[in-house]
Structures are given as structure tokens and as C-alpha cells.
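Chemist: The structure's right below; bear with me while I get my questions together.
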Amino acid sequence: MTGSLTCRRKGPLRGSIEVPGDKSISHRALLFGALSTGETRVRGLLDAEDVHATRRAVEALGATVRAEGEELVVVPPPALREPGDVVDCGNSGTSLRLLTGVLSGVPGLSILTGDASLRRRPVRRVIEPLRRMGADLSARDGDRLPPVVVRGRPLRGARHVLEVASAQVKSACLLAGLFAEGETTVVEPERSRDHTERMLAGMGVPVRVDGLEVTVAPARPRGGRVDVPGDISSAAFFLCAAAALPGSEVTVRNLGVNPTRTGLLDVLGAMGAALSRANEREVAGEPRADVTVRAAALHGTEIGGAIIPRLIDELPVVMVMATQARGRTVIRDAKELRVKESDRLASMGEALARAGAKIELFEDGCAIEGPTPLRGVAVQTRLDHRIAMSMAVAQLLAGGEEVVLDDVACVATSFPSFFALLDGLCEGGA
């Protein structure tokens, strides 16, 4: 789907769905498979532009990726090779940052770039810790922005104490540590998503976790099988809509419920949503469950501190849901939203205010008073997939009034089937 889109759907939302595979796990399955000693078989890989970027990158480094039935098979090269051209990561910050860590220890010259949005996203936070390991890195605008030039060289292990919890920075350092001499440790102020640690351990890499510290030593993964659960960041749009839209009930099956990613479920519970889990199990090292949310009378809450890394990507649609909650919802410690694909605090604040929301922005968050009836509005998505999908949810809460999204091509970044699934859940949707 490309170009602008006029949303005129009507709720409630009712039904049972599966959302596509988790984007974070999909990236790692391809990349770790390319680093391995044997082939990796992946089931449920997300078919979206961000993951396509990682696939192209690992192929440029010598890996072979092929489809076999419902699985994707990653066959690693004997050793990663210098890419023959600039590696284009598209809109994927995960691809660029994790590859920066890997390529720091791979002999040769690599240049990592991306689209206009990615080239505005910060990379110094990755470059500085990798340099402490001996990496030879440079980037545009005083090492602040991509492209990133990597000259692979021998690395040494280091202890990194991060000021901001970031799974991407942590993962870049741990992956560089696989090529380094000695141990590499990352210490975070709060726990970020731990898919890297889980997958590396599942592929035979010794990983030591001690509270907020993670340590690896030089090793090469052995490959294996990865079964990707549904992405909770994608499910968030339907779960938040169901909680706020009277008469709604939505079940998302086979959903990833890794504890480092379930901040959204905690917030839904704190706001009074009717939420339940069933069929809880663990597959290939990742917890999953069927999650059901029913509409309820929501109330405001305070969101901040250690929970923020566990729901940072879901906060835009949480802001939409908060407009329908009685009382005041306050989000703090979320400054990271300002350096995503867009400044998501500014983008959502502007869009919701124009739709009639009572919202006050802070440097690191916002306060929203509710409940407030929303109205139709024209929205600048700023080429940000989560802004587009969040405001499609806002349209449902606007009593069927039209919301015009100026560009929805960005949704293909993470969730190409979003609008089709939304239509299937809507009664009288279009």
C-alpha cells in the first residue's frame, strides 16, 4: 500500500488473529545464522522491509539465504567477507547498529548507510563503546549520524556501562565481543529486551547474565532452529484499540511475551483493561501465549522508570489509548522516542492535539487528560510506521470520522498486513 489513505473504519473490534513474526527476533535470526558454524532454520520470520534489509546485508557478507517450505534456511560462509558495495540498511536502525558491532571485528572495509530517515538517527552511542574495544569507526557530522565507515580489525574485550538502556547498543557490543580477545560485559541501568542473550545461548554461545550485567567471550554460534513468535509491538495496536473501544474483544494468538517486552501488558492492567493469557509456553527459548483484551472503563496511570525500555515502541499507541482513559496519564523517561524514525513525542503530540486530545508534551514524555472524544484529522505520518498505525487506531476512537494519513507506505517497514488485519476485526470496516 502506497500514498495517502483515508481511514473510515467503525468498531468495535472482535476476533482472533495472529500477528507477523517479531521484528527484533527476525533480525537476529538472520544475522546470528550468518555468524554460525552450521545452518540455521527459521520459522515465522517477519516478511517486512526492515528484515529484508538484514537479509540483503548478510548475503552481501557471504551468507546464503533460501526458502524451504515454511522455513528460511541461513547457510553461513566459512568466514564473513568484505562486502563488495555499500550496505544499505533501508529504514532499519537495528540492522545498522548490530552490523556495526559485527563488522568491527571482520577484516576489510564496510560502509553502512540507509534511507533519509535512518541517516538522521544517532550512531555515536554505538560508535563510542565499540571504539573502547579497539574498533576503527567513523560517521558523518562528527560521528553523530550515518553513514558509518567500519574498518575491521582485531578487538579486545571491554566492560561497558551504558547510561541509557538500549538493546541495540548492548547487542552491538556483545556481537563485537564474539570477535574480541577476552570477555566483553555490558551493564545497563535498566533491563532492555534480551533476545540477543537468549538466541546466542540457544546457539551454544556461553552467555553469563548477572542482574543487569551480560557477559560473553569469543565464540562462534553453532546455528540451530529459531521459531519466531508474534510481535507484541505489532499486536499493541489491536490490544490498545480493543481496550478503549466499547464492545471490543480481541485475541492475539502465539504472541511473544518475553518479560523484557511485556511492559504494554503491565500498562493495560494498570489502566483497568480486561486482559487474560492462555496457552502459555516456551518455544526455542522465547515465551509466548494467547493474549485476550476486552473493552473496559480505563483510568489514567503513571508510566516511567524501568518499564520504559519494555514498551518504548508501543508508547505511541498507548498515547492514543490514554485519550480515552478517565483522569491523567503521565509518561516520563521516554526521551528515546525523540530519536526514533521520527520525533515520536512531537509527531504524536501534534496529531493527537489536532484530533482534540488534551495533551501536554515534556522533553521526556507527556501528560494526557481523558476521556476526550477524538475527531477526524489529517495526519502527517513523517514516514514513521508507528505514527501511521497509531493514528489509524485513533480514527476508530473518533466515532468513525475520517482520518487521512498522508503516506502509509512506511507501514511496510514492520507490518505490511496491518490494514488487512484491522479490516478483518472491524464490524462495518472499510
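From the backbone N, Cα and C atoms, a Cβ is placed for every residue, glycine too.
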Chemist: Per Swiss-Prot, which one of Arg66, Arg120, Arg121, Arg140 shares the phosphoenolpyruvate site with Lys23, Gly93, Gln168, Arg344, Arg386?
Modeler: Arg121
Chemist: 10 Å Cβ neighbour count around Arg344 (phosphoenolpyruvate binding site)?
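Modeler: Its Cβ shell of radius 10 Å holds 24 other Cβ atoms.
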Chemist: Going by DSSP, is Ser166 (3-phosphoshikimate binding site) sitting in a helix, a strand, or coil?
Modeler: coil
Chemist: Report the nearest neighbour of Lys23 (phosphoenolpyruvate binding site) in space among the binding-site residues Ser166, Asp313, Lys340, comparing Cα positions.
Modeler: Asp313
